[in-house]
Amino acid sequence: MSERFLLSGNLHGGSVVASYPYDDSPTHKPTGVYSKSADDEVFRYLAKAYASNHPIMRTGTPNCPGEEGETFQDGITNGAQWYDVEGGMQDYNYVWANCFEITLELSCCKYPPTSQLQQEWENNRESLLTFIEKVHIGVKGFVRDVVTGSGLENATIVVAGIAHNITAGKYGDYHRLLVPGTYNVTAVVMGYTPVTVENVEVKEGDATTVDFSLQPTVMAPASNLTQFTATPAPVSTITSATVQAEAPNPTSLHQPVQPVDFRHHHFPDMEIFLRRYANEYPNITRLYSVGKSVELRELYVMEISDNPGIHEAGEPEFKYIGNMHGNEVVGRELLLNLIEYLCKNFGTDPEVTDLVRSTRIHIMPSMNPDGYEKSQEGDRGGTIGRNNSNNYDLNRNFPDQFFQVTDPPQPETLAVMSWLKTYPFVLSANLHGGSLVVNYPFDDDEQGIAIYSKSPDDAVFQQLALSYSKENAQMYQGSPCKDMYPTEYFPHGITNGAQWYNVPGGMQDWNYLNTNCFEVTIELGCVKYPRAEELPKYWEQNRRSLLQFMKQVHRGIWGFVLDATDGRGILNATISVADINHPLTTYKDGDYWRLLVRGIYKITASARGYDPVTKMVEVDSKGGVQVNFTLSRTDSKVEEGKVPVLNTPNTSDPNKKEFEMLIKDLSAENGLEHLLLTSSGDISPYRYRPYKDLSEFLRGLNLNYPHITNLTSLGQSVEFRQLWSLEISNKPNQSEPEEPKIRFVAGIHGNAPVGTELLLALAEFLCMNYKKNAAVTKLIDRTRIVIVPSLNPDGREIAQEKDCTSKIGQTNAHGRDLDTDFTSKPETKAIIENLILKQDFSLSVALDGGSLLVTYPYDKPVQTVENKETLKHLASVYANNHPLIHLGQPGCPNKSDENIPGGVIRGAEWHSHQGSMKDFSVMFGHCPEITVYTSCCYFPSAGQLPSLWADHRKSLLSMLVEVHKGVHGFVQDKSGKPISKATIVFNEGLKVYTKDGGYFHVLLAPGLHNINAIADGYQQKHVKVLVRHDAPTSVFIVFDMDNKIFGLRRELVVTVAGASMSALVLTACIIWCVCSIKSNRHKDGFHRLRQHHDDYEDEIRMMSTGSKKSLLSHEFQDETDTEEETLYSSKH
């Protein structure tokens, strides 16, 4: 029902015939009753189209065993006439959807042998193609509003003489199947005058196009016209395909179009309202959801911008949130009014047009839609509907700076926190009810009493609050609710939150302390749920305030922080204001916004790896001041001329340039979202696959996509199940040392199978989109992807669905936890020998369960982590692309107060243990590995899999992007010969070795890094390299021959060596001569040194055989002092 199918075939077996509706009759007689549908002629036409192209079906005599006498004229039959079928799918399609479906019986044998499948394909090929072509017959077109030109969704299409109507789609598009003939077609929409087009000729082949333009019975103002009304018109009868409407001349004096939609909008009504405006104003709107409420209602946001869906560098982002308390409804209705006002006045009203063009506006009408549905109109000061469906106050549910919030995080809270971390919001207001005042941070204090709790930006918050209250005359007076609170007084209609009353866990303080966003809380009226007839008054009182407050987003300073070397923006640079202890950070293009009141300020921009820059800036009251900063890399002046700083070099390879641009685009805001939106196929796991199904699924992928997949077994489990490894690459099973290689592993604990299903979904997603989606295709062409979906299949087989805490299946069949005894079990030996010890992976991602966070090495306790910044960065990339993990509030049962900053933590700091796969991968596989804990429940119900996939798919794809970053290098000598096994040392600790062909690749955190390149017989090279967050960095190192031997000049060493050799030869000659003389004089004096042969052999054997340590027979995490230092070495 969610897809607007037009034509369908339901393929069966057991006979050879095309059956059409209806499948049953009112009498339900077993057979012989022709049950005719309104479109019987169309159905017969469709059934004949299939049957006439089938060599057996068209004969009408299938001669099925046991039914040799059964015949069907022309190879078709009415369903009920053949035999009565209640509850059939084809009838459901016709009656309840716009879809015409027939049932096709393809062969007498229901499950024929494989040898017959080729013949069945030959029998049905032309029929299948012909039937598909019939989707184009009939009439098609659009139904539009004559004034706005926008499509009318769900318009009804009526064909005279056929008692079966269809409806138009989202954009007013429709298609009605009809056989050749002449018809009268009518379009009907509530609120519009119906229009009929007579004598529409339908021919064989493509559909006839018939468009409808309907006139509103009560004309609504258009977005580019002045207001006018039209009297209702009679039903129009026309002979052309469209209706032309003349637009009135606009008046010379402009007046903004005011909202006309004043009523209380329950959720379905609000949903339709939002979709309507998103549909009617697609050039300036984007409707999206940030998550769902407890009762699974969408938390909708309407974006209004001249470039919806895009963050424009330098343009600030603003948000309004309403209805956080479900029974405080004025804000909800005002924000719907505001959406209507902005949409209708864009392009005609200068104020609105300028605001929309210069600001990215996000409006959430209802943060608590469940509570709203429980609240009651007329509620003045009650609490029914205030809380969410779990009965928690959402404005006491955010992490607090002074008090521990003990209530579990709610879905609405987590969704909004994720939303606020996703967009670079600058300014916000949270709309409430119950008083009339603007309340600013802080909302509470350390003592928990009503006292002024001053934030570092107290002056800014006061100015923001006044900008709203000054435009609302009643609010500005400061004595709002005299009948309810006679003693309450707010000077100029504003108040510090904590001074009014203490609110721990409030949303506005969380905004200020955890993001770059300044938020205030606005109480819009004394009555929480006023009568609908009072709503126009609220709009009139707040209209100017709402607009004026939005303009404040442009106050203060704004600009860019740029890299002096290449002029590109620096992400997460810090903007500090002297004497105001509240630094902000830059966004992805290096852009920032810092709200300030009028004055002179000392502003400093700083970033890791760069020298800070400070400027004196004067801010006036007229608007924002642009202040750009250009930062130089640290020590670049000192080292100038000695140590070159390398970045991605220019290349003449257009394919490489194109791929680097792809990585940058995918790293940008909405880059991965765009990839997902443009991808093919709706991959959504819906069930868990036991071992047999998993094996068949992987084989199916390999058989269907043989050119990009290679399925191998790494070994067997204790109970002899295969440990499958699926490689996805444009050249599977071929060595490509220049390409990065990434490994995904799941199921090390059999009781946590979510990771397995996520990896199977990822594999199918990649395969389905190869050669279909340009970004996915390029990623597969340039990456070697290895997926190991289940490392512990034995444990998985005994684990039980919906067991959230059970340890059944956690271990292998011998009861051993593979992640605490990684080196000595059949399962782990298989992956060690066939993957990890090959040391050719750039990144590994392991998926587990039992929480919602990401850990990085080491899991072993008391371990100093070298290259910690890089490992933490990789974990953060995954967390930041997940809607919940980065919030650091897993909210798992029995651990509801657990707080993991950024959702990322070192393994040993969370659950320390010896012998983990992660530690082994880093220490002996020379590969950084992170562990993702996918959900609090080890084995959640299958019904949760679609949402888990939706949450993790962006993060999984981000790893495919991230593996291409860091430093890609190539090492050769001056003659152009590649140098393999050269040692590349980063930051005097981290080591990597060049592969065959001289290639190396290592992932590093963004910033400036030192490189020392070492190779036997060559001079050491020392360079600096800048690693960016959004692009790979290439390094090309050319070695010079080493002119020194033992620290001395090569020429001197050669001369001395030559002289020494000459002296040695002369001495040898003299000795030989002397010995010859003696030999002649003492012919019998030659003495032999006698040894017992067996004793000699034993002695040599003892001396030459050392006590060499076995890599896999000791606690590997203690073997840090090996002959060859590992990639990520550890300090003690």
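Each Cβ is built from the backbone N, Cα and C atoms, and glycine gets one as well.
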In TrEMBL, which of the ranges 719-741, 1110-1132 has the region 'Disordered' annotation?
1110-1132
Which whole number is the mean pLDDT over the domain 'Peptidase M14' (687-963)?
91
Going by DSSP, how much of the compositional bias 'Basic and acidic residues' (371-380) is helix, how much is strand and how much is coil, in residues?
4 helix, 0 strand, 6 coil
Counts of helix, strand and coil residues, the domain 'Peptidase M14' (1-135), according to DSSP:
52 helix, 21 strand, 62 coil
